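Colleague: For reference, the structure I am asking about is given below.
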Protein chains: 2
Amino acid sequence: MQTLKIIKIGGNIIDNDAALHAFLKDFASLQGPKVLVHGGGKLATKLAQQMNVEVKMTEGRRITDQDTLDIITMVYAGKINKDVVVKLQANGCNAIGFSGADGNSIVSVKRPVKTIDYGFVGDVVHVNTETLNVLLNANVTPVFCAITHDENGQLLNTNADTIASELAIGFSKTFEVELYYCFEKNGVLQDVNDDNSVISQINTKNYQDLIEKKIISDGMLPKLNNCFHAIQKNVKKVCIGKPEMLFDTNANFTTITL
Amino acid sequence: MQTLKIIKIGGNIIDNDAALHAFLKDFASLQGPKVLVHGGGKLATKLAQQMNVEVKMTEGRRITDQDTLDIITMVYAGKINKDVVVKLQANGCNAIGFSGADGNSIVSVKRPVKTIDYGFVGDVVHVNTETLNVLLNANVTPVFCAITHDENGQLLNTNADTIASELAIGFSKTFEVELYYCFEKNGVLQDVNDDNSVISQINTKNYQDLIEKKIISDGMLPKLNNCFHAIQKNVKKVCIGKPEMLFDTNANFTTITL
């Protein structure tokens, strides 16, 4: 099977024009089929402030009400997605922007209300890769924002890390998938203040130990859960680190294994 | 050659939830390959007001500055485009949203400055249908917003009627293209106040006469110029009227011929 690279970038790159520009130039030069997934960054919060839409919170969790969903759709699927696509095209990479509604590619359900109603937040239930495969075979690069849909006309806000892992799992039927989570650190760190303390490999054995020692906590927990979910569902390779891990053979990063 | 329908809808449908819903349901049921092009409606103006971005005018013409381009990108490519796509998916039509940057499908140049600098406004120079043809063959329906790009990383605001006619011309190499401009009237009217006074056919001969008699003026002039441009460049059929012309065999509408 052919190798497919799925690369997720987050707010630290999205919010920095120079970093985004440099990354997209490098990304465009990557050979072989590839998919980009981008997070949202700070622009949605800024727009909400400009529009006087307040951030809704319940029990410390962000709620996606209709106004927030509209803002996310405008910023993620509009401004950021098109900025990424137009810059990739300028670098010779034939990109097409996607939400999960486009090509019916990512189907989700509105998160069931237990103690908290998260609003228009979607949990992924199915990935359709047929149309995406047609495009990858035509040398097109899909660029995903973090929005899905429920097949009944409702857009839903979905975590970008989850979108990347679910796409990786969906594509592993037809590709050997490598999943790269790019963020601001060199990988999962033994000491959060020392970017040279990269844990080069995390597997199901040392993972629990790292959680118990609180070396992995907070925001890293859901990210690593996405990584393990992918690696357990036939994704061949899952890595966390700076974008350099994709381009520099000497870069340090963390690899997730079974 | 197979027939391809290209259908352009404007603000009168976009701004009316019930009308948009009804139209998209009918559109989804149309058999055969099809492309939808949508205008912007009033949402961009509303968002600009909410964000305190003033509409820039020079000599009575709207100027697309950077703030306005950002708003257009958010509203046209984000909110409206994804709303259309998600509703088409709910009606069983496998749609993918496009700007001209996506798939490098519509290349334009920033309008040269003569007496007026229109800002980030693009005049179409080339349509690339290769990727779009791959999708049409896979039973996917492209949905275009009115944004193009210059291949150098710049998005550009482009008239939706022009996008529809340029796509129609581009596709006429591989399809027998029918181009339908949907708007709020039954067609081009002999008497602007009488919706039953439809001029059923306009050709290059009676066109000049209708202009001289001021029966065709103002906003209808650029629309008809787009129609004639298309019909002169191998588009098989060009029609103007209400969306009913697509679904109701008894509907009145205007056909443009050579």
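The backbone N, Cα and C atoms fix where each Cβ goes, glycine too.
Summarising the annotation, TrEMBL assigns domain 'Aspartate/glutamate/uridylate kinase' to B:5-241. According to TrEMBL, the site 'Transition state stabilizer' annotation covers B:Lys8, B:Lys223. Marked as substrate binding site by TrEMBL: B:Gly40, B:Gly41, B:Arg62, B:Asn157.
Context for these features, please: burial, neighbours, distances.
Modeller: Per-residue pLDDT, averaged over the domain 'Aspartate/glutamate/uridylate kinase' (B:5-241), rounds to 96.
Taking a C-beta cut-off of under 8 Å and a sequence gap of six or more, B:Lys8 (site 'Transition state stabilizer') has these contacts in its own chain: B:Leu36, B:Val37, B:His38, B:Gly39, B:Ala160, B:Asp161, B:Ile163, B:Ala164, B:Leu179, B:Tyr180, B:Tyr181, B:Cys182. Under DSSP, B:Lys8 (site 'Transition state stabilizer') is assigned to a strand (E or B) in the three-state scheme.
Taking a C-beta cut-off of under 8 Å and a sequence gap of six or more, B:Arg62 (substrate binding site) has these contacts in its own chain: B:Val55, B:Lys56, B:Tyr118.
Take the CB of B:Lys223 (site 'Transition state stabilizer') and look out to 10 A: across all protein chains shown you find 22 other CB atoms. According to DSSP, B:Lys223 (site 'Transition state stabilizer') is assigned to a helical segment.
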Colleague: So which other residues, same chain and not among B:Gly40, B:Gly41, B:Arg62, B:Asn157, have a Cβ within 8 Å of the centroid of the Cβ atoms at the substrate site?
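Modeller: The answer, listed by sequence position, is B:Gly39, B:Ala44, B:Thr45, B:Ile72, B:Tyr76, B:Ala146.
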Colleague: Over the residue list B:Gly40, B:Gly41, B:Arg62, B:Asn157, recorded for substrate, what is the maximum interresidue Cα distance in Å?
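Modeller: Greatest Cα-Cα span of the listed binding residues: 15 Å.
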Colleague: What's the number of neighbouring CB atoms sitting within 10 A of the CB on B:Asn157 (substrate binding site)?
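Modeller: For B:Asn157 (substrate binding site), the count of other Cβ atoms within 10 Å is 25.
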Colleague: If I take the alpha carbons of B:Gly40 (substrate binding site) and B:Lys223 (site 'Transition state stabilizer'), what is the distance between them in whole Å?
Modeller: 16
